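The structure appears right after this line, and notes come after that.
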């Protein structure tokens with residue numbers, strides 16, 4: 001565990017000590033080495049589920065893919081931010097990379113924590129660097145508003161969680177994830193118990209985000225700089241899903257009925273946010289809303305509490321993490337060239353950036369869950385588990401897949417196809433850096449097809 | 001493993017490898033040579049065809065079928081998905097047919113697309129399209145089938161939208177994917193039902209386990225899926241729109257890939273389908289409706305490719321009728337024979353379109369029989385095969401279908417509709433020949449007419465041979481799985497032929513009417529109905545997107561997200577807290593009087609409390 005965490009922490013002094021000339025290359029290669037080492041977690045031979053145990057941290061099949069994703073994303077964020085921070089003074093560039101690194105430190109500790117309170121603290125701690133990234137490094141004044149939304153939505157959800165956790169600690173005497181599932185289940189009957197149930201999940205549902213509590217997400221995505229959008233879509237939202245899966249074990253008898261409205265909300269959200277995507281003119285907002293739609297499916301899969309649902313949710317989280325991050329990067333390549341997120345201003349790009357079109361196409365296909373990409377495996381498993389619960393869900397999930405295909409291809413056609421408008425004929429050519437960035441996003445996704453049990457979670 | 005099955009499995013895997021090889025090598029960073037399309041892709045498909053003859057011979061000789069299961073792909077508790085290939089009668093016969101047809105189409109495409117700077121990419125797309133179809137055909141579990149199923153959809157998106165600078169091409173491409181996705185909901189529903197009820201996606205297990213279940217709902221799901229992919233009534237408008245793609249794409253899409261996938265799915269699932277009368281009746285009525293409706297639409301079209309496209313749609317309806325008659329093998333036979341003459345019809349029309357300087361309107365053609373004798377002869381052969389002229393390819397499948405229909409005790413309305421559609425086939429086929437080959441030229445005098453190019457002649461010739469003898473070859477070599485009815489009254493036996501001839505005569509009479517005027521104006525509303533495709537696209541393509549986009553904008557975005565959720569969430573927090581903050585704030589404005597009075601007030605209050 002510390003093999004990854006200590007090098008990540010030591011990345012901070014490295015950032016400040018390294019000569020300016022080598023800043024980006026050093027941090028990139030350093031973080032890439034960390035992420036390559038983190039892949040060893042995927043090869044676990046432990047029978048009990050938990051491996052790499054230390055007093056406070058461990059990995060299990062649920063957290064390992066998310067940890068590997070977290071570590072994988074830091075080099076990608078560094079790669080993506082290089083161009084747009086280039087005009088800044090060097091110390092600010094160092095600060096920026098430090099922020100990104102601190103986010104990785106917190107996230108590793110959050111995903112590998114064996115104690116719920118530690119997870120909670122790290123869950124909250126990730127807010128700080130993210131908030132700074134959004135409000136300090138965003139491009140427009142609306143970023144301040146976005147930061148406020150982001151902070152207050154998340155805090156309003158997570159403070160009840162603290163109370164709920166303290167109550168749990170009081171009742172069971174432990175909050176260790178290693179033993180928590182073996183503690184006798186609590187007698188939950190009163191109205192207050194139901195509130196406790198809601199308190200345990202609300203923080204994560206807001207983080208996911210559940211439809212209804214999702215307003216912060218499009219704002220944050222639109223205003224954040226590219227690295228912020230990437231990490232937000234790829235990993236931070238997954239904290240919600242991960243936390244929910246961990247908490248679900250303890251909430252056993254109550255969840256069966258209480259989760260109904262949330263499942264309905266999540267599925268309804270798939271349709272509604274998908275429909276919003278169909279009308280988006282803002283590229284980043286479209287991708288953000290599509291995240292809400294996909295995470296709605298994840299939330300429903302988790303709340304349904306079957307092994308198929310959990311597995312599907314984990315697969316979809318990983319696949320969506322890579323896909324949406326790739327889409328944000330693609331949107332950013334457009335943004336860096338046209339300085340606008342408006343789709344109508346940057347269309348017909350296949351003419352000028354033909355190889356980028358290939359990346360756009362693969363990313364759009366991943367977003368609409370083309371078989372056999374892991375996105376489809378996840379969606380199909382969630383749809384099946386929901387279908388097992390109630391037949392009517394197929395109307396919402398099936399409609400969702402239809403709308404997803406609609407807006408994904410709308411996005412692709414709008415940006416890439418059609419004639420090239422005259423005002424953008426003199427664009428910068430694509431850099432190898434950008435192609436590398438896209439390849440590093442999409443290759444893992446494609447390679448996961450051949451060995452999906454890496455992200456299969458508990459049931460692999 | 002037995003020697004025969006080893007040989008079969010090996011040769012089929014070699015086919016996959018041969019087809020995948022050009023695709024994989026094309027990813028190397030070196031630019032492809034300009035003749036890559038012909039030397040690599042076409043050769044790969046050609047050799048794959050020759051190799052696929054071997055398992056076919058083994059099958060014909062020994063009746064050998066085999067299933068290869070290797071490598072557990074995913075596993076959740078007791079549910080596992082394997083890589084499993086099924087080489088049975090359907091895939092063994094279909095693969096050579098598809099490869100043969102594609103080989104010809106690719107050769108033709110090298111002539112048709114020779115001016116396109118991205119011809120290599122075009123060939124790569126066609127090849128992936130074919131591979132996806134073969135994955136679908138050989139799949140032995142639902143997940144693999146789904147891979148092929150979706151991939152043909154996406155490849156058709158790329159190929160239909162090949163000329164991506166044109167808005168129409170992009171619309172048509174998107175339309176194809178969206179209609180197919182509607183069908184996919186059905187497939188996903190069926191897959192979810194099968195996974196939850198039967199706990200397996202392996203076909204043989206599904207068929208065994210499903211005996212005790214009421215399969216109506218999952219079968220309806222599968223029928224919806226087939227409706228989307230095979231353009232049955234309700235989800236049909238994407239097929240004629242797909243004509244925006246280059247002609248070789250249409251040829252491939254209509255003959256051996258994509259559109260037959262839906263019918264093929266139902267053929268694959270026929271062990272589940274055969275005992276369910278509700279599902280069969282739905283198939284029968286849906287098919288009959290489709291075949292008549294699209295044949296009616298074909299009657300008044302003027303675009304040569306659209307007519308051929310609608311005739312495909314009509315034949316797909318006929319195949320669906322056959323599924324409904326519980327004769328999956330006959331439907332499969334029709335897929336095979338149809339592939340030959342439909343591919344040829346498209347290649348002929350492509351050749352004519354090119355010769356006439358990209359003119360697609362049949363009213364501006366005419367007299368082609370003297371100018372392009374070979375192409376127009378083949379066009380005639382194809383049309384004759386399509387109408388079921390005795391002893392051409394179409395006859396062996398189509399006539400058998402109509403006979404089976406006539407001798408069954410099923411829905412008489414479906415029978416009537418199908419027969420009517422059969423006679424319409426003769427009408428629109430004659431119309432194409434009449435306008436294209438016969439009469440006098442009506443095009444511009446300086447058209448670059450030249451069919452004397454081996455890459456035009458040879459593919460069409462090969463397909464013409466196929467259209468002539470394929471039916472005989474296939475029917476005389478495969479064993480029918482169901483006993484065909486051999487004896488029937490003369491009227492029923494000759495019904496298919498009779499309605500075709502009646503259609504032909506009516507069409508000739510109508511054609512002669514065009515030169516004479518009996519009425520001041522003809523009655524136009526039936527013409528409008530047919531010409532405007534039954535007003536279906538006008539209604540559906542406006543109404544549904546309008547409703548959905550209005551939902552997205554007005555309700556989801558403006559009313560809920562931007563108004564209500566803002567109002568009861570962040571804005572409510574502000575408005576609730578603001579009055580209190582203002583009150584407290586107003587007090588503390590540095591005015592000593594307020595502070596002092598507050599101080600004395602509290603002091604007095606505390607004093608009072610202390611004293612009492």
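Placement of Cβ uses the backbone N, Cα and C atoms for every residue, glycine included.
According to TrEMBL, the feature transmembrane segment maps to residues B:490-513, out of the candidate ranges B:490-513, B:514-537. TrEMBL lists transmembrane segment at one of the ranges B:354-373, B:374-393, namely B:374-393. Residue counts for the domain 'NADH-Ubiquinone oxidoreductase (complex I) chain 5 N-terminal' (B:73-123) under DSSP, split into helix (H, G, I), strand (E, B) and coil, are 29 helix, 13 strand, 9 coil. Long-range neighbours of the transmembrane segment (B:490-513) within the same chain, counting only residues 6 or more positions beyond its ends whose Cβ lies under 8 Å from a Cβ of the stretch, are 387-390, 398-399, 402-403, 406-407, 419-420, 422-427, 430-431, 434.
With a threshold of 8 Å between CB atoms, the same-chain residues lying at least 6 positions outside the transmembrane segment (B:122-139) that come near it are 12, 15-16, 19-20, 22-23, 26, 36-37, 41-42, 44-45, 84-87, 90-91, 94-95, 98-99, 102, 105-106, 109-110, 113, 116, 145, 147-149, 151-152, 155-156, 158-159, 162, 246, 248-249, 252-253, 256-258, 261, 264. Counting same-chain residues at least six beyond the ends of the transmembrane segment (B:331-353), those with a Cβ under 8 angstroms from any Cβ of the stretch are 90, 93-94, 97-98, 101, 104-105, 108, 112, 247-248, 250-252, 254-256, 260, 263-264, 266-267, 304-305, 308, 311-312, 315, 318-320, 322-323, 359-360, 365, 368, 372, 375-376, 378-379, 381-383, 385-386, 392-394, 396-398, 400-401, 436, 451, 456, 459-460, 463-464, 466-467, 470-471, 474-475, 478. For the transmembrane segment (B:413-439), the partner stretch with the highest count of Cβ pairs under 8 angstroms, out of B:6-27, B:47-69, B:279-300, B:374-393, B:460-478, is B:279-300. Same-chain residues lying 6 or more positions outside the transmembrane segment (B:374-393) and placing a CB less than 8 Å from one of its CB atoms are 311, 315, 337, 340-342, 344-345, 348-349, 351-352, 355, 368, 399, 402, 422, 425-426, 429-430, 432-433, 436-437, 451, 456-457, 460-461, 463-464, 466-472, 496-497, 500, 504. Against the transmembrane segment (B:47-69), stretch B:6-27 shows more Cβ pairs under 8 Å than any other of B:6-27, B:279-300, B:460-478. Taking Cβ pairs closer than 8 Å, the transmembrane segment (B:279-300) reaches residues 215-216, 219-220, 223, 227, 231-234, 236, 240, 266, 273, 306-307, 310-311, 313-326, 410-411, 413-415, 417-418, 420-421, 424-425, 427-428, 431, 527, 529-531, 533-534 in its own chain, all 6 or more past its ends. For the transmembrane segment (B:6-27), the list of distant contacts is 36, 40-41, 44-45, 47-48, 51-52, 54-55, 58-59, 64, 66, 68, 85, 87, 92, 95, 99, 120, 124, 127-128, 130-131, 134, 138: same-chain residues at least six beyond its ends, Cβ to Cβ under 8 Å.
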